[in-house]
Amino acid sequence: MSDVETFAFQAEINQLLSLIINTFYSNKEIFLRELISNSSDALDKIRFESLTDKSKLDGQPELFIHIIPDKANNTLTIIDSGIGMTKADLVNNLGTIARSGTKEFMEALAAGADVSMIGQFGVGFYSAYLVAEKVVVTTKHNDDEQYVWESQAGGSFTVTRDTSGENLGRGTKMVLYLKEDQLEYLEERRLKDLIKKHSEFISYPISLWVEKTIEKEISDDEEEEEKKDEEGKVEEVDEEKEKEEKKKKKVKEVSNEWSLVNKQKPIWMRKPEEITKEEYAAFYKSLTNDWEEHLAVKHFSVEGQLEFKAVLFVPKRAPFDLFDTKKKPNNIKLYVRRVFIMDNCDELIPEYLSFVKGIVDSEDLPLNISRETLQQNKILKVIRKNLVKKCVELFFEIAENKEDYNKFYEAFSKNLKLGIHEDSQNRAKFAELLRYHSTKSGDEMTSLKDYVTRMKEGQNDIYYITGESKKAVENSPFLEKLKKKGYEVLYMVDAIDEYSIGQLKEFEGKKLVSATKEGLKLDESEDEKKKQEELKEKFEGLCKVMKDVLGDKVEKVIVSDRVVDSPCCLVTGEYGWTANMERIMKAQALRDSSMAGYMSSKKTMEINPENSIMDELRKRADADKNDKSVKDLVLLLFETALLTSGFSLEEPNTFGNRIHRMLKLGLSIDEESGDADADMPALEDPEADAEGSKMEEVD
């Protein structure tokens with residue numbers, strides 16, 4: 001061997017290794033899945049390169065994965081004829097945490113980067129140390145000599161040019177020196193089970209070096225000759241008996257051979273009716289590395305002008321980073337005529353369906369397709385359209401089973417709502433899949449379709465209210481009149497509802513109307529209309545006084561027909577943001593604050609003329625327009641209405657002081673001085689009054 005070079009692991013790798021050795025995975029068996037997966041990636045890469053340059057396969061024309069357990073030396077060896085690694089790859093990728101995965105490789109290749117190994121091993125490689133105390137990696141890349149990497153995970157590793165070992169031709173050989181307590185991974189049965197469990201659907205042959213014992217019948221004198229030599233003496237026996245024994249003599253012969261473990265042809269090439277639920281589950285797990293089974297599967301083929309086969313899975317739970325845009329989703333693998341081309345192919349499926357996993361195998365795409373040409377590819381656009389259509393069908397199939405759909409909806413309702421926001425073609429379909437709690441649904445959730453069937457006679461609109469939580473909206477003042485009249489109101493309490501409902505606008509010809517915005521019109525009898533007019537007249541004076549006190553805090557103050565019990569509420573404009581949307585936008589750290597100016601619409605204060613507080617306030621205001629307590633009460637009512645209507649307070653301290661003053665009044669505590677009122681502006685301000693009158697005229 002030539003000179004040995006020693007390199008220190010990067011600090012994070014050391015941490016990672018101690019993490020892996022101590023806590024990383026409890027089920028150590030996954031190391032084999034990870035290493036086979038790495039081999040499969042390396043084979044994908046060389047196959048991809050060979051599509052444009054056949055000579056790349058000269059070093060080793062066969063593509064395979066070999067596994068050799070050696071009980072004599074307690075080693076497990078994994079050999080693949082993949083792309084291999086150069087010396088630089090070895091140092092970089094097995095010394096620092098590398099970016100694993102075909103995606104970066106494809107992108108770099110498309111960008112004209114050097115096609116030598118780019119990040120073959122991710123964290124998966126280090127999982128070898130779950131079972132091994134020492135790992136030796138021998139590797140040969142087309143562009144470099146053969147090198148050996150070795151480490152006992154003690155903070156450093158060595159790299160040496162391999163002059164003594166066998167020539168690999170091309171590829172990588174990993175020898176794992178197993179720990180004393182991990183020798184089960186040398187057992188043929190255990191290894192076969194593991195490969196079947198995790199790597200059954202790897203598209204390259206995985207062969208295991210197995211012992212085979214065969215019984216041979218020996219009828220000649222060979223056996224006897226051997227015995228004679230060994231014992232040095234011959235027993236005299238009956239001739240006949242000897243002949244008889246010679247005929248029957250059986251001897252066990254032990255030999256080794258390769259045994260192919262993954263005999264299945266790709267699952268998507270088989271007929272759906274032939275495939276069992278267990279086979280789909282095994283395929284899903286090998287595809288996604290999920291430890292749970294899938295929730296639903298759709299296996300179909302499209303024929304005609306365009307041919308492709310696909311298997312799509314919906315997982316049981318959403319990944320914790322579902323909406324993490326920085327992380328590349330590993331969702332749909334793209335094959336062309338059984339040749340793996342790339343994973344996480346963004347162009348195959350819209351972002352809002354990124355939770356759907358699966359594979360697509362096209363007969364029509366060119367084999368040398370790159371990410372750049374993908375975007376312009378017409379075939380891919382048709383495939384994408386078909387996939388979305390099939391996903392929608394799959395969701396409707398899940399919806400037939402209530403229990404399954406509840407699981408699905410809990411995990412992926414945000415995606416459906418995002419679909420409504422982004423996909424105008426399928427908007428109506430997605431709307432059918434929505435489920436909401438409502439004033440009449442109890443603990444169950446209701447669909448828009450069911451809501452429509454329960455609509456009252458003469459009801460033309462679907463009513464909804466948005467808010468922070470079900471608890472927050474259940475007793476909202478906005479619902480009082482609607483409940484009294486027996487209308488059902490949907491609770492939309494997911495932040496994304498604000499966006500999706502902004503796009504949906506209607507369902508089956510019925511307009512979606514917010515209970516918290518202007519323009520809520522409820523059917524009224526002639527008597528009710530007449531009564532309303534009288535009350536408007538009666539309270540006109542109070543409305544003006546309140547507008548003067550509140551100034552530009554509100555656009556106008558009017559007599560309400562939507563509140564029944566509460567004294568008042570604050571309503572937003574029909575096309576502006578609701579209180580809930582305002583809250584959501586304020587919570588966004590990187591928001592564009594210029595937009596808030598014109599989208600957070602002016603509030604209208606609606607007062608309830610039948611509420612005793614309002615009636616008393618009217619009497620006081622009529623008696624003395626400048627009554628100090630009227631002003632205090634109006635401001636207090638406004639601030640309380642802000643809270644009950646879902647807005648946030650601009651000045652919580654002032655509100656607190658007002659409440660404290662009311663408490664003192666209630667407890668008959670005298671104010672010691674007028675200091676407490678000093679911060680309250682005077683009620684009568686001639687300029688403000690004039691301004692207020694102008695506003696009235698505008699209104």
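Glycine residues also receive a Cβ, built from the backbone N, Cα and C atoms like all the rest.
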Remark   = Candidate ranges 588-615, 644-671, 672-699; Swiss-Prot annotation region 'Disordered' resolves to 672-699
Ask   = Per DSSP, to which secondary structure element type does PHE125 (ATP binding site) belong, with helix, strand and coil as the options?
value = helix
Key: Predicted model, mean pLDDT over the motif 'TPR repeat-binding' (695-699)   = 40
Request  = Ten-angstrom check, please: count other Cβ atoms within 10 Å of the Cβ of ASP80 (ATP binding site), all chains counted.
outcome  = 30
